[in-house]
């Protein structure tokens, strides 16, 4: 972090209104802002993959945190498909302890264990279910986990694709729709809270109303099989859809049917992505806020939508208080720029958004009143 504290003054936008924001004491250095800057609550990304452990060649906790700070993100929810997979209370607690050293707020979704007593020992607020878990354990075990989760007051986060519909490497849209219906029945039977992550279909957003929350990613909102044809960089699960499907999802997103915006930031090495069998995953955490602000600039969403989708609702998801006045904020310069992966702050330096004209470049990020990112530089000297 910067050694001196920072006070922000000046006419700047806060939640769509021109205002003056002061943080810090009179001795603090003052950061003067003009109307060319936007002050927003810090962003919260509930779906990231910070890898590390046996996958540190792809990404590390430190690298992931750097990408978050560069993207205006002050809190994240990390996924459990690490190496080893986080399926035990001991691994869950170990990961949380390691993440506590980061300058951002760090949460972890626990993986589903074979022995459900591990859930009672860990008492995680969220459990992540993958299609591979359905293949490994069966829907019966998933339902037992849902019952245990309901009794503990936690939430199931599902990558909702039914593997029964996977065929010859293809994952058709029907796999998502079938999983949604099966999950709906499970939710009503067990009473468990459900969140469907990285949905790709407007029908999913509509079907989830009343019993589940949903999120959508920047790549499923902006990229499709026609405008993203790089077989490596564009390879992701769930798959990118047709332009028509993408546009319908974007319309659902703009209408308020989608609760949360989340990246599914999933780094792999460029060599892996350029191989004959590229692993699925897209890097976008550094620029996800800018991509969302681009939709605001285009008139697709409002500024209130931006804050609701990427700060307020995901903060509520983790029961966090993310408030500008408490020092959790990001400062955005209102300018257009070209996305360049080589400029990313995290370990991952490649993205299918390469060359994309985005709007709103993150200038500074504060966590708890401390500036950890400013004008292209990340400050993490204490870890």
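The backbone N, Cα and C atoms fix where each Cβ goes, and this holds for glycine too.
Feature annotations, reproduced from Swiss-Prot:
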BINDING   47, 49, 128, 264  Zn(2+) 1 binding site
BINDING   49, 50, 51, 81, 268, 280, 281  substrate binding site
BINDING   128, 159, 198  Zn(2+) 2 binding site
MOD_RES   128  N6-carboxylysine
ACT_SITE  264  active site
From 49, 128, 159, 198, 264 (binding-site residues), the ones whose CA sits within 10 A of residue 81 (substrate binding site) are 49, 128
Given the binding-site residues 47, 128, 159, 198, 264, which lie close to residue 281 (substrate binding site), meaning Cα to Cα within 10 A? 264
Within 10 Å of residue 198 (Zn(2+) 2 binding site) (Cα to Cα), which of the binding-site residues 47, 50, 51, 264, 268 do you find? 47, 264
CB neighbours within 10 A of residue 50 (substrate binding site), counting all protein chains shown, number 33
Expressed to the nearest Å, what is the distance separating residue 268 (substrate binding site) and residue 159 (Zn(2+) 2 binding site) at their Cα atoms? 19
Please give the greatest C-alpha separation between any two of the substrate-binding residues 49, 50, 51, 81, 268, 280, 281, in angstrom, as a whole number. 15
Excluding 47, 49, 128, 264 themselves, which residues in that chain have a Cβ inside 8 Å of the centre of the Cβ atoms defining the Zn(2+) 1 site? 48, 77, 78, 79, 109, 159, 197, 198, 262, 265, 266
Let me check the 10 A CB neighbour count of residue 264 (Zn(2+) 1 binding site). How many other CB atoms are there? 29
Quick check: with 128, 159, 198 left out, which same-chain residues have Cβ atoms within 8 Å of the centroid of the Zn(2+) 2 site Cβ atoms? 47, 79, 129, 130, 157, 158, 160, 197, 264
For residue 159 (Zn(2+) 2 binding site), the same-chain residues 6+ apart in sequence with C-beta under 8 angstroms from its C-beta are 128, 129, 130, 131, 197, 198, 237, 238
Taking only the Cα atoms, work out how far residue 264 (Zn(2+) 1 binding site) lies from residue 50 (substrate binding site), in Å, as a whole number. 10
